[in-house]
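Worksheet: the structure to be examined is printed underneath.
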Amino acid sequence: MNREERLKRQERIRNFSIIAHIDHGKSTLADRILEKTGALSERELREQTLDTMELERERGITIKLNAVQLTYKAKNGEEYIFHLIDTPGHVDFTYEVSRSLAACEGAILVVDAAQGIEAQTLANVYLAIDNNLEILPVINKIDLPSAEPERVRQEIEDVIGLDASDAVLASAKVGIGIEEILEKIVEKIPAPSGDPDAPLKALIFDSLYDPYRGVVAYVRVVDGTVKPGQRIKMMSTGKEFEVTEVGVFTPKQKVVDELTVGDVGYLTASIKNVKDTRVGDTITDAERPAAEPLPGYRKLNPMVFCGMYPIDTARYNDLREALEKLQLNDAALHFEPETSQALGFGFRCGFLGLLHMEIIQERLEREFHIDLITTAPSVVYKVHLTDGTEVDVDNPTNMPDPQKIDRIEEPYVKATIMVPNDYVGPVMELCQGKRGTFVDMQYLDEKRVMLIYDIPLSEIVYDFFDALKSNTKGYASFDYELIGYRPSNLVKMDILLNGEKIDALSFIVHRDSAYERGKAIVEKLKDLIPRQQFEVPVQAAIGNKVIARSTIKALRKNVLAKCYGGDVSRKRKLLEKQKEGKKRMKQIGSVEVPQEAFMAVLKIDDQKK
């Protein structure tokens, strides 16, 4: 193509993504758009076409990004090229959302006509506004009997501050309003700006590993053109590769001759390691590099850590390979080897949040068939030592001695909770129980309230989300963002079994709730650890001071059974002999800790009702 043709084509490109809270109909709307533009035949259509991972379809959530190229013949007779970039809606994947938004010029904001705006919608809308996108509000599910489009329209204006007077009323399920949305995309969303003759700049917004072609990078071309045979360079690492193939998605991959300004597609360049295609990085031409990379690339820092150990220690290498393979598609997953006396060899893994952690665990078990033991999740604490140095601790077993610690700081998050006003009381109680500080409260309308709290991340990591859902009968929605570190009165608690520390059960807890927490855990472990031939004390200790204890009683044979009548001294002799034996066993005996015990530590609800 010459310059004229490229520019003409560029004017007809529209790049957009769809923002919505879970279950507001985003994937269904994407299906309808695919159908309307003829990207898929009736036969190929299935629910949630873009959610390709089995897990995504099962949970009904979008985890990875997907991009599709569509052609749409508008009412003005022109044929437009649409790139729909599907984004995850969940808070753990905020970075995925922000990069997919960076690859667009516009976003469709889908809001459920019955439920109104939810916490995650807000978070993603603000990301879109930060990326200067044109936002088209769509009120979905208007076919529901409980739909109140006018109330929702008002809410969009009041809460987000968007003009929703011309919001499209639609129902993706029934197919109402889809044409109108497509026309609005043509009319409202700007064409990509960029120069096809400038040095190449392409944003990597995702990457995936293909065993035959190496890494496939998903890119959005911002300036310049890329074609096979060209040498390219990654701007954050400076590594160079030669492009072997470029193409677009029509959901399936389709090879094309070149990708130019505004195109969303993929390229392969015999890249062996996915670490070389960092998400958010800029690809440029090796011979004629761009002066500076595209903004918005940042290295992802994991927020939540946990240990993962194979139940069968022989599969340690399989686990490493599995984690490496998952890391190919998931730039946010971090892991490094660690050992534990109780669990043997395993890995310390870092995740973006709890959902991310659960999904990785599930994928390891499903796709790689590795049975895992996972330890309690923890966050990164900043520990200031008395000699003036500062260390980051993400594993409770690495916590320095209490004598050396000057103060410990922990990460705090700003939690935005949307809740029906009947449940404001229980939710505020929950947040205070989790050491939250009240920041703000706004009534969105007569039925719903937005609460803002600053809460330590470590409290959210446990079971905050479940507790929130059960306290509000599932009506609350919740979103959080990191706001920084604050000093807290924290201590490390160890669990001792038969006088030995079980390193995998150590955790860090606030001093005020240490006693209750310790008591609850030893009681729980007493029920979960199978009884041994000897008596086993279970203790919770802070430093050298034991603060809670319970005892797992010994299993014992009735040695007096064969005595019938008999002299008391004979009975006493047998009992003493049994006692001696138990004592000897206790000295050399070791206790097996079942998998449930590690999970129980996470599930303990500190607020004993």
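In case you wondered, yes, glycine gets a Cβ from its N, Cα and C as well.
Per Swiss-Prot, the feature GTP binding site maps to Asp23, His24, Gly25, Lys26, Ser27, Thr28, Asn140, Lys141, Ile142, Asp143. Cβ-based neighbour count (10 Å, all protein chains) for Ser27 (GTP binding site) stands at 25.
Annotated domain 'tr-type G' per Swiss-Prot: 11-193, in sequence order.
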Packing count at Asn140 (GTP binding site) (other Cβ atoms within 10 Å of its Cβ): 31
DSSP three-state assignment for Ile142 (GTP binding site): coil
Other CB atoms, at most 10 A from the CB of Ile142 (GTP binding site): 20
